[in-house]
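Written out below as structure tokens is the structure these notes cover.
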Amino acid sequence: MTSRGKRPVEVEDESDDEDARDDRNELPREAPKAQAKAALGFKKKLKPDNVILASIREFSEASKKATVETRTLAELNLSHACKEVVDLSTTDVLSEIEKTILHIAQSILNGKGFGYNIPARSSANQLYVPELDRIVLKDKATFRPFANMSSVRKTAITTRILQLVHQLCQKRIHVTKRDLFYTDVKLFVEQTQSDSVLDDVSCMLGCTRSSLNVVASEKGVVVGRLIFVEDGDTIDCTKMGVGGKAIPPNIDKVKDFVSDALFILLVEKDAAFMRLAEDRFYNRFPCVIITAKGQPDVATRLFLKKMKTDLKIPVLGLVDSDPYGLKILSVYLSGSKNMSYDSSNLTTPDIKWLGVRPTDLDKYKIPEQCRLPMTEQDIKTGKDLLEEDFIKKDPNWIKELELMVKTKEKAEIQALSSFGFQYLSEVAWREVYVMDVQYFSYVGGKTGIGLQPSIQITIISSRNEQERNLC
């Protein structure tokens with residue numbers, strides 16, 4: 001392999017089990033003859049491998065030529081002052097904590113009590129910046145005093161988190177957020193409280209959360225045409241089996257990406273990831289496949305951003321055709337409001353929505369029993385998404401989302417397996433999902449985003465649902 005060289009809506013970085021959305025009743029199967037007819041019709045749409053690869057190479061090359069250096073907040077003349085964090089060394093983090101505590105000690109000695117100026121991370125303090133295509137945090141802070149009944153406990157938790165992080169940095173060790181929670185369960189009560197204050201501390205000190213030596217547990221996985229070095233060990237992702245390589249929580253120990261992949265395939269669910277990995281999809285069509293197994297975690301978002309930046313190849317997103325699939329894609333693309341203070345590190349710009357799109361349901365004649373009615377909450381979420389700036393900037397996304405809300409139909413990635421398990425498993429390389437991908441590139445120097453001609457690319461998408469012919 002050769003080197004290629006050296007990024008919504010509020011979704012927390014910890015996962016929700018994807019199966020939480022799969023508790024529907026089993027639906028009836030299509031009649032065998034109807035299935036066979038549908039499969040034959042679908043197969044006629046398929047293209048030869050050489051045509052597919054030529055399209056992918058053309059798309060990949062066009063994407064690389066369109067890549068420019070990512071702009072920063074400092075380069076923009078925004079009307080609002082904004083706050084962004086940076087990676088700090090352990091020594092610098094220790095220094096920031098000690099300066100904060102010294103200020104508190106002086107305040108107490110002066111008889112003024114103490115408290116913390118915490119950057120406000122509420123929705124009202126978020127700002128979507130079109131030039132960056134991501135959410136950022138406005139520079140507004142709230143005072144959290146100890147001598148106040150409504151904030152005394154949270155102030156105590158903040159002090160405790162500062163103490164624990166100081167110990168970690170002094171010892172040069174890392175712990176998970178779960179480990180941090182168990183150091184003082186009686187004070188924290190719930191992990192959500194220690195997690196939230198940890199983000200407050202990160203934002204207050206002006207450093208990334210990984211700079212605090214606290215990481216989330218392993219969640220995301222990667223497989224395919226990628227070799228990298230992790231803490232001195234060389235990892236070959238083509239030899240990681242069906243389960244893939246767990247994405248390390250300490251991304252700062254990952255370096256030297258080498259790949260001959262033409263694109264990165266970002267998959268929403270673990271089930272679809274395993275199907276593609278087992279079929280060795282990346283050998284047929286050179287790519288790297290990555291998933292966070294549902295809602296995006298910080299490590300997966302950081303890893304994806306690093307891959308995209310170093311390899312300079314396009315990222316294609318394959319998610320469910322429902323509001324939550326698009327919501328998940330938006331977190332990778334534009335960031336989550338919960339961690340907008342670190343969006344420069346956590347977002348991957350210019351991700352292409354490969355599918356599954358609402359227009360695909362009729363375009364590829366997805367059977368009715370593989371489509372699901374949207375709930376009232378689904379419809380509300382879809383309408384809310386239509387009001388989001390990252391949706392409004394793309395007419396194609398608006399069209400797809402409006403169709404979804406109008407038809408009140410949704411479908412999962414697994415709906416593409418509706419032509420039968422046997423067909424998918426035995427003719428895996430021919431179960432091809434054809435998608436028009438319209439790609440954007442930066443034009444006019446460092447300003448503006450221009451629409452380039454669409455390029456048709458083709459990828460395989462198939463699934464083994466525990467040897468059952470289900471949607």
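Indices start at 1 and increase along the chain as displayed.
Note that Cβ sites are derived from N, Cα and C of the backbone, with glycine treated the same way.
Automatic, uncurated: that is what TrEMBL annotation is.
Here TrEMBL flags 1-36 as region 'Disordered'. Residues or ranges marked as compositional bias 'Acidic residues' in TrEMBL: 11-20. As annotated by TrEMBL, compositional bias 'Basic and acidic residues' applies to 21-32. According to TrEMBL, the feature domain 'Spo11/DNA topoisomerase VI subunit A N-terminal' maps to 153-214. According to TrEMBL, the active site, O-(5'-phospho-DNA)-tyrosine intermediate annotation covers Y182. The feature domain 'Type II DNA topoisomerase VI subunit A all-beta' is assigned by TrEMBL to 218-255. According to TrEMBL, the domain 'Topoisomerase 6 subunit A/Spo11 TOPRIM' annotation covers 263-426.
Beyond its flanks by at least six residues, the domain 'Type II DNA topoisomerase VI subunit A all-beta' (218-255) meets 1, 15, 87, 174, 176, 210, 261, 265, 270, 273-274, 277-278, 281-283, 286-293, 296-297, 299-300, 302-303, 306-307 of its own chain at Cβ-Cβ distances under 8 Å. Taking DSSP states H, G and I as helix and E and B as strand, the domain 'Spo11/DNA topoisomerase VI subunit A N-terminal' (153-214) has 48 helix, 4 strand, 10 coil. For the domain 'Type II DNA topoisomerase VI subunit A all-beta' (218-255), DSSP puts the residue distribution at 6 helix, 16 strand, 16 coil. Cβ neighbour count for Y182 (active site, O-(5'-phospho-DNA)-tyrosine intermediate): 12 (other Cβ atoms within 10 Å of its Cβ, all protein chains included).
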